[in-house]
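If you look up TrEMBL, you'll see 18-152, 232-375 marked as domain 'SLC41A/MgtE integral membrane'. The annotation transmembrane segment is assigned in TrEMBL to 59-81, 93-120, 132-152, 164-184, 196-216, 288-306, 318-338, 358-383.
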């Protein structure tokens, strides 16, 4: 639906922003959810004073990260979009910057509030926040971020003709707020460390996601594969959600046995075998099996929704569903295996997996998901499953 709006037609770099900004919510909101879930589970949010300290520090921290990464994502989109085509428009560059920073900031604010409410609520009801907060952050994140990006970029695109100064003003406003958030985040010991050390995973993850965005932009601009735009957020969203839940669970499990670096005997020091990841009697292996089994029903619901809303340009033939499901299952299988290895590896290296693993995993999810989906569309095209309405 959105790909037919003027802003998506004339400023195609917005497509490169989509995975980077959807990935950003994975990096920030899910990391926030994972961090606060662990804090709640190990009793660091039991008194009102502790709770308030955790909330203000964490909210300020994600605003800093959202603004900076939103700005960097827009630069990446401009560079990736400009190099292959060779033409550069300063108006479009400022539009991308304003859209990206405003979307990242507002989405983080809204989602952060929802996350905190969910974690406090599930703690009061005696539910493990790990099982609830991260999936909610992930699923709402996609929806809110996409809606905000399309709404804001469309609004700012409309202003380009008559009020050209609006875009630079929006950019400047959000960047000017940065020092305030930095001061608040610095005051809290829990977030001070992440403020200094938490940039590497978020920025590398954004770069990985932008490559996914480049694949999407290149594939969607071929009329034969226009239908792919609808399915990309779905396959990436589901894969990212499932692996983030698993990473958050393994991390909390490790936190209960000590601090990062104090490797318990149970933690594998080297690459785990696929058998131990998926088929052992271990509690994390059980949750990996459950999450893997959720892939097919989850995607069937989404495919049914897309076809009933006539959102896609692709007729859901049986062969298309088989290819799509194979891509989705393969993506989640790879991600769950990497999560098992990565969380334990980071723990052994004295890094807190709550802050470091989820950005890498969700970004890899975007890249693997977009790549496998593009491959599926190409193979379907080659074997002759060409829809009459594919390039609608």
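We number each residue from 1, going along the chain as drawn.
Note that Cβ sites are derived from N, Cα and C of the backbone, with glycine treated the same way.
Note that the structure is a prediction, hence the values are computed from the model and not measured.
With respect to Cβ pairs under 8 Å, the transmembrane segment (132-152) is most closely packed against 93-120, considering the stretches 93-120, 164-184, 196-216. Per DSSP, the secondary structure of the domain 'SLC41A/MgtE integral membrane' (232-375) breaks down as 108 helix, 0 strand, 36 coil. Residue counts for the domain 'SLC41A/MgtE integral membrane' (18-152) under DSSP, helix first, then strand, then coil, are 121 helix, 0 strand, 14 coil.
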